[in-house]
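Over in TrEMBL, the protein carries these features:
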type: BINDING; residues: His299, Asp337, Leu338, Asp365, Gly366, Asn393; note: S-adenosyl-L-methionine binding site
type: COMPBIAS; residues: 493-505; note: compositional bias 'Basic and acidic residues'
type: DOMAIN; residues: 210-476; note: domain 'SAM-dependent methyltransferase TRM5/TYW2-type'
type: REGION; residues: 485-505; note: region 'Disordered'
Amino acid sequence: MISVNGGAFYIDTQSPGDLSPSERIVPSIFSLLQIQNYVKSRYRYRTLCSVVLQPDRASTCSESVSKPMLEQHQHSGMDPSLYTAPPEVRGMTCLDKEVFSQTVIVPALRVPKEVLNKLVKSLKKVALQRPGIRRVVEVEGSDDDRLLLLDPASVSSPGSFSDAEAEALQSFGIPQELQRYELRLTYDNLKSEEVLRAVLPEGQDVTSGFSRVGHIAHMNLREHQLPYRNLIGQVIMDKNPGVTCVVNKTNTIDSAYRNFKMEVMAGEENMVAKVRENGVTYEFDFSRVYWNPRLSTEHERVVALLKRGDTVLDVFAGVGPFAIPAARRGCTVLANDLNPESHRWLQHNCKLNKVERKVTTFNLDGRAFIHGPLKQQLPVMMKGTACVHVVMNLPALALEFLDAFRGLLDQGLSCDVNLPQVHCYGFSKEDDPQKDVVERASASLGFSLEGLCSVHLVRNVAPNKEMMCVSFTIPKEVLFSRESTQTEAIEEPAPKRQRCEATTN
C-alpha cells in the first residue's frame, strides 16, 4: 500500500511490522513512479532504503544486483567518466598505445534477444557509445539473453533512467536491475581528446580541433603544445579515418600570397590535396596556396546572388572557389591572383571542372588587374543589361584596394550605364565591426557608403576579430571621378614574372 502524508510516501509491502521504521519512509524527492519501479520485491526495496536513509548499511546489502551499483558510489571502478588514464602517460612525447589499456566497470541490463532491438532504440541516449566497442554482448551460459552496456556517465543507479526509459523497460518486462560488466578499453577505444588530455600537462589547454583539407589535417598549436606535436599529430591521424597527413602552421598568413609555412607533425608529406566544396572539385598544393574550408558557406552565398549571363571579376581569385562555381552557373568570369601557384592551380581547376572556356585567368597584382583587364573590359560590360559583380576576397587588404576605382573610367561613359556591384571583404577588431568596415570602405573610395551598402558577418576569425563582407554598387561619383588613382597606394608585392593568360587556348 502506498499513501502520502506530510510530503512523505508510506509504503507497506506486506505488513507494517515486517519493515523497520526507516524503511517505511522515503523522502519526497523520489517520484511516485520511481518508488513503484523499485518496490517490486521487499529485498530490492530494502536495498533502496539502505542507500537513501542508512548509507552505512550499504556495504551489508544482500541484493546481488544492487551491490555493484552501491560499490560504484564508493569508487569501486565504475567511474562516471568511464576512463581515467594511468599516471604514466602524463608527459609522454612518443606515443605508446599499450600504456593506455585498462579494465573498467560499466553498468549493463540483461535483455531477452527478442526485444533487444526495440529496447536499444528506447535507450539510445544512455547506451554506451565508444569507438570500436560493441554495446551489446553475449551472456555467458545463455543463448536467449544479451547484455546491453550502458554509459556510466548517464546511468549510475536504477533511478537514473528517465520516465520514458523506465516506462519502456516496464513495457518490455525488463527489471531495472543493473549488472556489473568488466570492459577492456584500449587506445583504439579512446577519443582523441581523452588521449591528449591524459598526456598534456594537467591544467593546460587541450587542442583536438583542426581544419580538414582533403587528406590533410591542419592545426594551430600553442607554444606549450609544441613539445607534444608529433604525438598530437599521430593521435589526430589515428582517430580520423582518411587523414594521412597532419600539419601545424608555423607563422601567420602572408598578405601577398596568402599562404603560410607549415611543418608536418605526422604522416606523409604529400601536400597536394583534393577537396570537394558545394559540388565542385578542387586540387591544389596546400602548402603553397590559400584555402579555407570554413568559407564554403560564404562562397555559396555569393554565388547564389549570380544569374546566368552575369559577369564576375574576381580580383583575388585564389584557386577558384568563387570563379569556378560562377562559371558553372553560366557567368562569364575574369579571375586574377598574384600568387603564381594559385594561378596555376586556378587554371588546373577550371579544366578539371570543364569551365575553362568561360574563365579567363590573370596572374597580376590586384591593383594592376583593376587598372588593366578590368578597366579595359568594364565599359562594354556596363552597356549590357546583365549584372557585373566584382569580388575582392583579400580580407587583410581588400578594403584599401577600393581606391583603385576612383576615376577609373572616362567621364564620357557616365550616362546610362550598368554600374558594377562590389563584394569586398575585410577583418575588423572594433566593437562595431559593421560600422568599422563601412567607414574604411568609404574612406578608401572617397565617398560615403552610409545607407548605400549591406554588410554581412562572414565568421568569427578569433576573439575580437570578425571577417566581414560589405556589398555595394560603385557610385558614379567614384567611378567617373576626376581624381586619379595613380597614387602611392598599397600594392601586393610583384612576383618575379607577371603574365596574363586565357585558359581558352
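Here the Cβ of each residue, glycine as well, is placed from N, Cα and C on the backbone.
Predicted automatically and left uncurated, TrEMBL annotations should be read as such.
Here the structure is a predicted model, which means the values were calculated and not measured.
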Overall pLDDT of the domain 'SAM-dependent methyltransferase TRM5/TYW2-type' (210-476), taken as the mean:
93
Just to verify: the residue among Asp337, Gly366, Asn393 with the fewest other Cβ atoms within 10 Å, which of the binding-site residues is it?
Gly366
Cβ contacts of His299 (S-adenosyl-L-methionine binding site) (under 8 Å, same chain, 6 or more positions away):
Glu277, Asn278, Pro321, Phe322, Pro325
